[in-house]
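J.: As listed in TrEMBL for this protein:
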TRANSMEM  75-99  transmembrane segment
TRANSMEM  111-129  transmembrane segment
TRANSMEM  149-166  transmembrane segment
TRANSMEM  173-194  transmembrane segment
TRANSMEM  258-276  transmembrane segment
TRANSMEM  302-326  transmembrane segment
TRANSMEM  346-365  transmembrane segment
TRANSMEM  377-398  transmembrane segment
TRANSMEM  410-433  transmembrane segment
TRANSMEM  445-464  transmembrane segment
TRANSMEM  512-530  transmembrane segment
Amino acid sequence: MEHSDSMTQKNGRQRKIVGTTLFSENIRGMDRGETSASEPEVEVEEEGEGLIKVMHTEDGRNKVRPGLRDELGNVLLLLFLYVLQGIPLGLAGSIPMILQSKSISYKDQAFFSFVFWPFSLKLLWAPLVDALYFSRFGRRKSWLVPTQYLLGLFMLYLSVTVNSLMQSEGGPNVVALTAVFFMLAFLAATQDIAVDGWALTMLSRENVGYASTCNSVGQTAGYFLGNVLFLALESADFCNKYLRVEPKDTGIVTLSEFLFFWGIVFLVSTTLVAIMKRENAQGKGKPRVQEETQGVMETYKLLFSIIKMPTVFTFCSLLLTAKIGFSAADAVTGLKLVEAGVPKEQLALLAVPMVPLQILLPVIISKYTAGPRPLDVFYKAFPFRLLIGLGYALLVWWTPSVKYDGGFPLYYYAILLLSYALHQVTLYSMYVACMAFHAKVSDPLIGGTYMTLLNTVTNLGGNWPSTLALWMVDPLTSKECQGAVGQSCGSVEEVGLCVKEGGACVTTLDGYYVESMVCVVIGLVWWLWFGKKMRRLQEQNPAAWRCRANR
């Protein structure tokens, strides 16, 4: 394996190390492949509905450049690779719902939530993926092929062992499940780094913009397949009600079968890509985006020099604490609804009508964040999102009272959908505003690295409060043993003794409601004190955001 040379284009732009993605709150900032200053200026004339394009260069020569039709195969390959990436993420997102239906503790849920951290931490190893590779095999294939093989093998291994892990003595083996799904997420994040880099060179300069479309559409589709579709087909109730004539005790597919199928898909598709797809193939009239790289140590030094800057350090500190107020609502509410009897597949299906809204919201909100003060939108949306968190707590409290033998009435799901839609409006308002500010302050000479660092910190600011919120539900919950004298319910062992003595543990104070109130109070304090400080960062001189190490 070799180390790439350190290169810089004449326009001074560094290729983005890695796009940051994570479902719903994260953005993928794809480099659009700007023209280098060393290239001649061109005037573009389009013919045939954009399928044939002619460039007139300064010396009068005409050069045909490719339209989308010429690179449709590459676009479809990218789309497929991003779909594969979304599958393990969707599966990981479905496991907490399945575990909750098996009545595991919230501390176990908190432990499993570490599975979602790799996509927020991939900046730590992204420079290695960028710089170390086998040149004869291909810079991106050196990582993509082994990573996807490992993903397929892990899925096949899980397909054999997942039932025993889910149904072991004493309940699901959460430690083993967390370890395996953490590796799946780690491998998916590494695959994401490789595909992001390959996307910029697989497509011509004129079509590289389609890479971000493939990313968003493909990963969303993969997540949908691994989460929403799987939970629906795995549910016996859903399948018996909508897909079967004769009812059965199980769904159409099991977790084991689903993992086996996608494990085979990963292995077969990766083999085909390794054999049939040349990474560095160049076609006539197809100028590619030239990749820029830095050495591994140079990249880490650059990241350290950025985060040492006073303005950046202050901003990162605010990003790491801004979402504490939303952690109970975002991390615990869905699990509490499942605990209250709402079918997990119905909750997953609520994501389907949200897709058009999630597409339109960034377009609409970006009109208000395009000015010099995008964080004003963040500040204004903040208290409304806190209020929606309180609304979620009321919704969880109200849920048991509307349940009947056949499930829940239609109006309940309508209220649930409306609540989710309002939450999405506030979430995207804050999200788009944050991304707009990242783009505004990032040093253009190192824009990729700068943006990725800020996006990574933003993602971490959502991960750690969610894990902590899940962890704190059980300690804040009070239970008493009714029907057995002298017994308590302070631990799993005590609960077992209570039941053994003929009693039952009854919740007298649910920690979720305590946590919801505490989070809202913390959020209000943050908004009144630190929110104004964040707004004032918009008044900083642009020079305060420039990295001196780059000069």
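Glycine is no exception: its Cβ is also placed from the backbone N, Cα and C atoms.
Mind mapping these onto the model and telling me what they sit next to?
T.: Listed as Cβ neighbours of the transmembrane segment (75-99) (distance under 8 Å, sequence separation of 6 or more from its ends, same chain) are residues 23, 68, 108-109, 112-113, 115-116, 119, 144, 148, 151, 155, 166, 172, 174, 177, 181, 184-185, 187-188, 191-192, 195, 198-199, 202-203, 207, 210-211, 214-215, 217-228, 230-231, 234, 255, 258-259, 262, 265-266, 269, 273, 277, 334-335, 338, 344, 347-348.
Outside the transmembrane segment (258-276), and at least 6 residues removed from its termini, the chain residues within Cβ reach (under 8 Å) are 77, 80-81, 84, 87, 91, 141, 144-145, 148-149, 151-156, 158-159, 162, 226, 230, 233-234.
Beyond the ends of the transmembrane segment (302-326), by six or more residues, the same chain brings 123, 294, 385-386, 389, 434, 441, 443, 446, 449-450, 453-454, 457-458, 460-462, 464-465, 519-520, 522-524, 526-527, 530, 533-534, 537, 540, 544-545, 547-550 to within a C-beta distance below 8 angstroms of the stretch.
Long-range Cβ contacts of the transmembrane segment (377-398) within its own chain (Cβ-Cβ under 8 Å, at least 6 residues beyond either end) map to 325-326, 328-329, 333, 336-337, 340, 365, 368-369, 415-416, 419, 422-423, 425-427, 429-430, 432-434, 437, 512-513, 516-517, 519-520, 523-524, 527, 531-532, 534-535.
Same-chain residues lying 6 or more positions outside the transmembrane segment (512-530) and placing a CB less than 8 Å from one of its CB atoms are 318, 321-322, 324-329, 332, 336, 379, 382-383, 386, 389-390, 392-393, 396-397, 469, 472-473, 476-477.
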J.: What residues elsewhere in the chain lie close to the transmembrane segment (173-194), defined as a C-beta under 8 angstroms and at least 6 residues from its ends?
T.: 17-19, 21, 81, 84-85, 88-89, 91-92, 95, 99, 104, 108, 111-112, 114-119, 121-122, 125-126, 129-130, 140-141, 143-144, 147-148, 150-151, 154-155, 157-158, 162, 164-166
J.: Of the listed stretches 111-129, 149-166, 410-433, which one has the most C-beta pairs under 8 A with the transmembrane segment (346-365)?
T.: 410-433
J.: Give the nonlocal contacts of the transmembrane segment (111-129) in its own chain as ranges (CB under 8 Å, at least six residues past its ends).
T.: 17-18, 20-22, 26, 89, 92-93, 95-96, 99, 143, 174-175, 177-178, 181-182, 184-186, 188-190, 192-194, 197, 294, 296, 299-300, 303, 331, 452-453, 456, 459-460, 462-463, 466-467, 470
